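Read through the structure below, which is laid out as structure tokens, and then see the notes.
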Amino acid sequence: AANQHLCGSHLVEALYLVCGERGFFYSPKAGIVEQCCHNTCSLYQLENYCN
């Protein structure tokens, strides 16, 4: 999958898809917004935010 710009609800939806039942921590302070919204991120990078 190509890198994507993911912001707000799109970012949360992508985390649900990637993490599934594991759940995830959505903390803007963790740099996920910086990484995925201001720049682009891959699904592989999103997995770093799963629990």
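Just so you know, glycine gets a Cβ as well, placed from its N, Cα and C.
The record in Swiss-Prot pairs Cys41 in a disulfide bond with Cys36, which is drawn from Cys36, Cys50. In this structure, the disulfide-bonded residues under consideration are Cys36, Cys41, and the one with the smallest number of other Cβ atoms within 10 Å of its Cβ is Cys41.
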